[in-house]
Ligand code: CP3
């Protein structure tokens, strides 16, 4: 058993009563914070920052010093698994992630190793252990991974993409090759997330940034099926507490019922769906995480507060809501606006948790 001073985030994901709605921000550690840029400069570059447990811990804790956040998220990246499989991850200034050895054919996929989380990915587990120790039970630590489909887009496209032509070409002309890749990735994600849980992560989240570019049938076949396999393979209890699992597919408001049916605890929402609609459809099965447009943080304090109140009223009474942005915070947002956002969630949500 461990004692947590603030367990609102875990309770809300399990739809248990809370005093106020918990809140955290996707990409809460990042370039909008000057102290992040300073620590990254000290590390040299982004991947060196991820590989240094002390500095990864430092940037994880930075947003918690500024804001009254209800959760910390491991500082790392989703592309650690493909990197550990030998694809050669690097970041080109202003261009996002790239791989020097992208996947091109069935033989590449057959030859992919399954990374051992305590070997090739031990730097991630060391970061989890260091962060967990330094958090001293203040708030829970979220571990994470990319979804198999989202990881595969980067591995096959060789980096970020707009039209996803290479992976879709494989999906529609060589589906057995893509399914083998997705299945191998699902197995690696299960090992990776279970190792994060063993190292101290108290909840885990799967980021499916690109599932929403698929047709409904293809989403089921190439993305959701493998996230379902992951949910089934995860450790769901550790240190005497449930480990809630959240699935987040961006642009998937139309598929909430099938996502909720995987048996996950929480479903992440982007801002293209009203949370009252989402709650009416799946609120008796899962908790909901979201869903303010991250660009709202460019607006005035009054406008940000108005939007927070609107979303809180949309979810209405009772537990089962984790407030968040609908996607990662933008890198040019004024840090003080994030404070307005976080404080507004706590200030205006108490009235929905009286019963
Ligand atoms: O939320 C957090 O604070 C935890 C850290 C986190 C990062 N990446 C740090 C990061 C998380 C959860 C991620 C997930 C991630 N990484 C996703 C899924 C979530 C999403 O945004 O949809 C994806 C698609 C990636 C891949 C990736 N890594 C991209 C597209 C980029 C941005 C490249 C750029 O230059 O804008 C990264 C790099 C990255 N990951 C940064 C951070 C803080 C910026 C790197 C830097 O400091 O220069």
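Cβ atoms here come from the backbone N, Cα and C positions, even for glycine.
Automated prediction, rather than curation, is the source of TrEMBL annotations.
As written in TrEMBL, here are the features:
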- 27, 28, 29, 30, 31, 77, 154, 209, 327: substrate binding site (BINDING)
- 22-31: domain 'Uroporphyrinogen decarboxylase (URO-D)' (DOMAIN)
- 142-158: domain 'Uroporphyrinogen decarboxylase (URO-D)' (DOMAIN)
- 77: site 'Transition state stabilizer' (SITE)
Notebook entry, point to check: Under 6 Å from ligand 1 by Cβ, which recorded positions from 27, 77, 154?
Noted result: 27, 77
Item checked: Euclidean distance between Cα atoms of residue 29 (substrate binding site) and residue 77 (site 'Transition state stabilizer'), Å -> 12
Check: Near residue 327 (substrate binding site), how many other Cβ atoms are within 10 Å of its Cβ?
Finding: 22
Check: By a Cβ-Cβ criterion of under 8 Å, what residues six or more beyond either terminus of the domain 'Uroporphyrinogen decarboxylase (URO-D)' (142-158) are in contact with it?
Finding: 9, 24, 71-74, 76, 78-79, 81-82, 87, 97-99, 102-104, 128, 164, 166-167, 170, 178, 181-183, 185-186, 189, 192-193, 196-197, 201-211, 214, 222-223, 226-227, 230, 247, 249
Next item on the list: Grab the substrate binding residues from the record (27, 28, 29, 30, 31, 77, 154, 209, 327) and give me their largest CA-CA distance in Å.
Entry: 23
Item checked: Close in space, distant in sequence - residue 154 (substrate binding site), Cβ under 8 Å, 6 or more apart -> 79, 82, 97, 99, 160
Notebook entry, point to check: For the domain 'Uroporphyrinogen decarboxylase (URO-D)' (22-31), what does DSSP give as the number of helix, strand and coil residues?
Noted result: 0 helix, 1 strand, 9 coil
Check: What are the helix, strand and coil residue counts for the domain 'Uroporphyrinogen decarboxylase (URO-D)' (142-158) according to DSSP?
Finding: 10 helix, 5 strand, 2 coil
Margin query: What's the number of neighbouring CB atoms sitting within 10 A of the CB on residue 77 (site 'Transition state stabilizer')?
Written below: 18
